[in-house]
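Per Swiss-Prot, the features are:
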{"type": "BINDING", "residues": "27-34, 147-150, A176, 184-187", "note": "ATP binding site"}
{"type": "ACT_SITE", "residues": "H34", "note": "active site, proton donor"}
{"type": "BINDING", "residues": "Q58, Q153", "note": "(R)-pantoate binding site"}
{"type": "BINDING", "residues": "Q58", "note": "beta-alanine binding site"}
Amino acid sequence: MRVLETIAALREYRKNLEESVGFVPTMGALHKGHQSLIERSLKENSHTIVSVFVNPTQFGANEDFSAYPRPLEKDLALCEKLGVNAVFAPKIGEMYPYEAEQRLKFHAPTFLSSSLEGAVRHGHFDGVVQVVLKMFHLVNPTRAYFGKKDAQQLLIIQHLVKDLLLDIEIAPCEIARDSDHLALSSRNVYLNATERKQALAIPKALENIKQAIDKGEKACEKLKKLGLGILETLEVDYLEFCNHKLEPLKTIEPTNTLVLVAARVGKTRLLDNLWV
């Protein structure tokens, strides 16, 4: 496995790859959710490149960029074990050669980025768009793999690729869950045993909503009330029913409905969702 730390090294490596290239962009602290994305890329492509880069531009003023976990050696060991061909792990100066005030400004499409996570984390998706575009430009992948757990991010990336006419297939990947059904996340390590049990209300609420929909309930207000009842012990940021343009729904639309939840358990903020 190659470990590439500079843009020059990545370009030199990439120019010799003639068959399909799968790309899994990450911020490191890899878990089984990331592993499922990597394994799918390995299965579907001749070469797989994983990026490990904690992107400063997607952190808000009140978010601690310096505290984000960076277990690089552990991440590299996992990638090598899985059979990844190359890991791109650049320093900030490689990805951002200019100071903030000298950089080009990137703006995620407002209709997809202003609500939900965008309303809580101002500028977050602008930073995501910025770094993903740079990575796409450098890696030039055949396919790029994104988890459905970050649903809003996935919709923005799909829109980005279509709007900018990029010849990249975006491969949405199912949400990976632990044995207790909690969605896998790098943030789960911050939960103590009590908080972990409390957090299980999130997948339970989504599962109960799904069961109600399967039985024929289509009124979003009733389904929301059902979910909030299960989430009552948590600090809920939102539980919303939207279509794939993130427009609010009053009635479930088959194949075009997202149920999105964000809630705080102690000091840890968790996301989960249901694609109907």
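In case you wondered, yes, glycine gets a Cβ from its N, Cα and C as well.
On the structure: features taken from Swiss-Prot.
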| residue | record | Cβ within 10 Å |
| --- | --- | --- |
| M27 | ATP binding site | 18 |
| L30 | ATP binding site | 24 |
| G33 | ATP binding site | 22 |
| H34 | active site, proton donor | 26 |
| Q58 | (R)-pantoate binding site | 21 |
| K148 | ATP binding site | 17 |
| Q153 | (R)-pantoate binding site | 23 |
| A176 | ATP binding site | 18 |
| S186 | ATP binding site | 16 |
Integer Å distance between the CA atoms belonging to the residue listed as 'active site, proton donor' and Q58 ((R)-pantoate binding site): 19
Rounded distance in angstrom between the Cα atoms of Q153 ((R)-pantoate binding site) and M27 (ATP binding site): 14
Cα distance (Å, whole number) from the residue listed as 'active site, proton donor' to M27 (ATP binding site): 10
Distance from K148 (ATP binding site) back to the residue listed as 'active site, proton donor', taken between C-alpha atoms, in Å: 12
Assigned element (helix, strand, coil) containing M27 (ATP binding site), judged by DSSP: coil
